[in-house]
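Trainee: Quick one: the structure is below, questions incoming.
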Amino acid sequence: MKEILQDHSLSELQILMEEWGERKFRAAQIFRGLMQGKRVSELSELSKTLRAKLCERFEDEPVKIRETFVSSDGTEKYLFELADGNIVEGVLMRYKYGCTQCVSTQVGCRMNCAFCASGLNGLVRDLTGGEILSQVLAVNARRGGTLEKRAVTNVVLMGSGEPLDNYANTVKFLRNVTAEGGICISARNISLSTCGLVPKMYELAEENLPVNLTVSLHSPLDEERKKIMPVANAYKIEDILKACAYYFEKTGRRYIFEYSLIDGENADKRHAELLAELLKGRPCHVNLIRLNEVKEKRLSSVSEKEAYRFLGILEKSGLSATLRRQIGADIGGACGQLRAKRLREVQDDQSDTKELQ
Ligand code: SAH
């Protein structure tokens, strides 16, 4: 694979142009062009020679939209192809205030949560900051957005991968996606979701990047959490809560807990009461979601009625909580589901050809 030009910040591009003996303003032209979702070969303001030199060293289009699936509720799901042929997925959800794009930070995932399709085949590789950014740039351009009037207004790092397990690239992405002169999405409109890598949560608090912090909790009890999230063997809930409090102190941002309701695992009345007790008085919000059932995993969701009952217990105790409506369920809305489906198809195709031989 060649290098990725979208990994560069404006000041890094300025250094590169200087090294190449080009005028400094070329860097701003390149940055702006890329942020409009252009390929390197489409940067037409540049001289032919400079463009050719860039094309020689950098990927022309690091992230291509290979397929788009449109749900009946307007949600769009994308399969992105990376320059090395790997595939990641993303979603665009439409709301009254704008559009939220969900991006992936890794191909696959190491965390191996019991309910999640992203970790089915482990981690393949980290995405670079430019590859994460290019997912946003590609969708913004595809939906007719410009830098002045963005089609993508909000970003959530909730696709495949654990963003804090790919820390440096994720931070690089956050700096470039929020940078002046680019697509310039405010940190307040960005949410980073983590399974709770405590030391990295502290590090993020120091970055001066006040993104919304979301933690996948999924249980109020360490022992039960370990059963569905192996990462719980490394970090205790108590330490996650301390890291969240520190994040709040540093950024002033209220934090959010994700809680996917899994039948017979974490969705009883007892869990709701313990969760309410655990989070009482903290500046946080709880996002409940009914499990999106994954074919390869033997876990099932609770009914809508049971989910509302769980929500009711949290609300009664004074917690701020919502039950997220399931969107895009008809197109494989949950993390990694679409990629997993695609991998199955490829495997099926391969076994078909084997049979033919
Ligand atoms: N690795 C990060 C971000 C990715 S997932 C994290 O763990 O937070 C975004 C959210 O979807 C997480 O809360 C994750 O636990 C949840 N999730 C994954 N698979 C799911 C499924 N099948 N049903 C419901 N929620 C799921």
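Glycine residues also receive a Cβ, built from the backbone N, Cα and C atoms like all the rest.
Predicted automatically and left uncurated, TrEMBL annotations should be read as such.
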Trainee: Using only what TrEMBL says about S-adenosyl-L-methionine binding by GLY161, GLU162, SER216, LEU217, HIS218, ASN292, identify which of SER186, SER191, SER193 is listed for that site too.
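Mentor: For S-adenosyl-L-methionine, TrEMBL names GLY161, GLU162, SER216, LEU217, HIS218, ASN292; of SER186, SER191, SER193, the listed one is SER193.
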Trainee: Quick one: which of the binding-site residues (CYS116, SER193, SER216, LEU217, ASN292) have their CB closer than 6 Å to ligand 1?
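Mentor: From CYS116, SER193, SER216, LEU217, ASN292, counting a Cβ under 6 Å from ligand 1 as near, the near ones are CYS116, SER193, SER216, ASN292.
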Trainee: Out of GLU89, CYS109, CYS113, CYS116, point to the one nearest GLY161 (S-adenosyl-L-methionine binding site) in space (Cα versus Cα); all of them are recorded positions in the record.
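Mentor: Sorting the recorded positions by distance from GLY161 (S-adenosyl-L-methionine binding site), the top entry is CYS109.
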Trainee: Can you figure out which of GLU89, GLU162, SER193 (the recorded positions) comes closest in space to CYS113 ([4Fe-4S] cluster binding site), comparing Cα atoms?
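Mentor: Nearest by Cα distance to CYS113 ([4Fe-4S] cluster binding site): GLU162.
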Trainee: Give the distance between the Cα atoms of HIS218 (S-adenosyl-L-methionine binding site) and CYS109 ([4Fe-4S] cluster binding site), rounded to the nearest whole Å.
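Mentor: Counting only the Cα atoms, the answer is 18 Å.
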Trainee: Around GLU162 (S-adenosyl-L-methionine binding site), which of the listed recorded positions (GLU89, CYS109, CYS116) come within 10 Å, judging by Cα atoms?
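Mentor: Taking GLU89, CYS109, CYS116 one by one, the ones whose Cα falls within 10 Å of GLU162 (S-adenosyl-L-methionine binding site) are CYS109.
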Trainee: Out of GLU89, CYS109, CYS116, which of these recorded positions is nearest SER216 (S-adenosyl-L-methionine binding site) by C-alpha distance?
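Mentor: For SER216 (S-adenosyl-L-methionine binding site), the closest Cα among GLU89, CYS109, CYS116 is found at CYS116.
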Trainee: Recorded positions GLU89, SER193, LEU217, ASN292: which have a Cα within 10 Å of CYS116 ([4Fe-4S] cluster binding site)?
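Mentor: Of GLU89, SER193, LEU217, ASN292, within range: ASN292.
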